[in-house]
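Per Swiss-Prot, active site, nucleophile is recorded for C50. Taken from Swiss-Prot, the feature substrate binding site applies to T49, C50, N51, R52, S109, E114, Q115, Q116, Q120. The NADP(+) binding site feature in Swiss-Prot is assigned to G189, A190, G191, S192, M193, G194. According to Swiss-Prot, the feature site 'Important for activity' maps to H99.
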Amino acid sequence: MSVLLFGVSHRSAPVSVLEQLSVDDSDQAKLIDQVLQSSLVTEAMVLSTCNRVEIYAVVEAFHGGLSVIGQVLSEHSGMSLQDLTKHAYVRYAEAAVEHLFSVAGGLDSAVIGEQQVLGQVRRAYASAEANHTVGRTLHELSQRALAVGKRVHSETGIDAAGASVVSVALDTAEKKVGSLAGRSAVLVGAGSMGALAAKQLMRAGVERIHVVNRTLPRAAKLAENVRSYGITAEAFPFDHLPPLLTDADIVVTCTGAVRPVVSLADVHRGLAHVREPKELVICDLGMPRDVDPAVAGLPGVFVVDMERILREPTARAAATDADAARTIVAAEVAKYLAGQRMAEVTPTVTALRQRAADVVEAELLRLDNRLPGLDAAHRDEVANTVRRVVDKLLHAPTVRVKQLAGAPGGDSYAEALRELFELDQHAVDAVAGTELGPLAGGDELGSLAIDLDMTE
């Protein structure tokens with residue numbers, strides 16, 4: 001059995017799709033119950049945030065498990081399976097492990113390095129555990145992911161990476177138009193990056209912030225938060241953007257959309273009513289870009305995009321922290337997978353030792369029958385000698401096979417051991433079931449990774 005991830009996030013879908021897929025606490029339990037009704041799925045967990053909905057499951061078969069999860073999410077969202085898969089990404093086995101570790105480390109967030117997602121992973125696991133839908137595989141995977149996330153945040157400066165991008169953009173803007181103190185700003189996007197941008201704009205001394213977002217309630221919530229700091233703020237839907245540009249000095253965009261949301265026509269309309277010539281700075285923090293590239297060619301408009309931002313020393317330092325975090329994730333993935341492979345060979349080794357013990361006991365019984373007059377002391381000495389010989393013969397190969405099993409492709413060594421010593425697979429499975437204890441499941445990790453959408 002392997003881990004399968006089926007997800008949709010800000011990287012693969014527009015906000016409208018994420019809204020259709022949104023999952024609250026009661027929805028989570030319902031979704032998992034539906035997924036687990038299939039015999040192909042043995043464990044499941046839902047990770048739901050404002051920027052992603054992901055189902056992690058332990059499945060008996062890749063295609064069967066994928067079909068089950070896709071159908072459940074299709075019914076939940078009201079989208080056809082065909083439309084859903086246009087925005088979905090799939091990770092399997094090693095790739096699923098790497099993805100969850102990256103998510104926990106803040107590397108897949110709209111704001112690189114944000115810590116909120118670590119708590120969201122913890123709550124996703126706690127909810128699944130409370131509903132008894134995680135077994136040994138997802139338990140171990142989740143606990144390791146949480147540990148990796150903590151390590152990334154404690155050993156790198158990635159926490160400041162997102163803030164660095166915004167601050168570098170605003171510093172660049174000030175070089176063009178001077179101090180932002182007392183200025184008017186338009187903020188396009190009210191997600192986690194938008195909240196961070198609002199904070200940086202307030203620190204820069206802006207007098208007024210107009211928050212524009214596809215969903216007005218979300219914009220209103222951010223505007224209310226801004227007002228709590230004594231700054232004038234109002235919320236507007238997207239179609240109000242052009243008139244807001246007329247009085248704006250700076251625009252910051254960070255929507256996470258998959259295509260530009262600020263068009264050349266929008267900016268044309270906004271600047272058409274400007275009474276006196278002015279410079280407008282637009283900081284496009286979107287990846288991919290939020291602003292139509294043609295906007296940069298308009299007179300009086302200066303666009304600061306991610307390409308320009310990442311050329312700045314501070315932003316490059318933040319990128320270095322992200323690279324360091326990715327290095328940690330890669331090392332932890334390799335360590336986790338090696339541990340899983342070693343754990344998989346353990347039942348085979350245990351079955352081999354049990355087989356050897358059974359042979360020893362059978363031979364000692366045969367000895368008792370052939371030499372009934374053998375006194376207890378001599379009998380014990382013979383028994384101990386035979387057991388020591390068997391233990392010494394088995395020690396080197398069993399230790400070595402565990403070491404070799406930790407390497408990629410190491411499962412072949414366990415198979416060779418079963419063939420060489422004619423170990424009954426049912427006996428090995430019985431040992432494995434005993435060693436798993438109350439947590440069901442296992443993790444036979446392969447290397448298949450599939451994308452239904454290459455934007456992820």
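Start at 1 and count along the chain as shown; that gives each residue its number.
Glycine too: its Cβ is placed from the backbone N, Cα and C atoms.
Here the features listed in Swiss-Prot are painted onto the structure.
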residue	record	DSSP class
T49	substrate binding site	strand
Q115	substrate binding site	coil
G189	NADP(+) binding site	coil
G194	NADP(+) binding site	helix
Assigned conformation of S109 (substrate binding site) - DSSP reduced to three states: coil
Site extent for substrate (largest Cα pair distance over T49, C50, N51, R52, S109, E114, Q115, Q116, Q120, Å): 15
Neighbour-count leader, CB within 10 A, recorded positions: C50, A190: A190
Three-class DSSP secondary structure - H99 (site 'Important for activity'): helix
From recorded positions N51, H99, Q115, Q120, the one whose Cα lies nearest S192 (NADP(+) binding site): N51
Whole-number Å value for how far N51 (substrate binding site) lies from G189 (NADP(+) binding site) (Cα to Cα): 12
Of the recorded positions listed as T49, N51, H99, the one whose CA lies nearest the CA of G194 (NADP(+) binding site): N51
Protein Cβ atoms within 10 Å of N51 (substrate binding site), excluding its own: 23
Listed in sequence order, residues not in T49, C50, N51, R52, S109, E114, Q115, Q116, Q120 with Cβ within 8 Å of the centre of the substrate site Cβ atoms: A110, V117, S192
In the chain carrying Q115 (substrate binding site), residues 6 or more apart in sequence that have Cβ under 8 angstroms from it: G106, H153, D159
Binding-site residues listed as T49, S109, Q120, S192, least Cβ neighbours within 10 Å: Q120
Those recorded positions of C50, H99, S109 having Cα within 10 angstroms of G191 (NADP(+) binding site): C50
Cβ-centroid neighbours of NADP(+) site G189, A190, G191, S192, M193, G194, 8 Å, sequence order: A110, A195, L196, A197, N213, L222, C254, T255, G256
From H99, A190, M193: recorded positions whose CA lies within 10 A of S109 (substrate binding site): M193
Cβ neighbour count (within 10 Å, all chains shown) around G194 (NADP(+) binding site): 27
Between Q120 (substrate binding site) and M193 (NADP(+) binding site): CA-CA distance (Å): 17
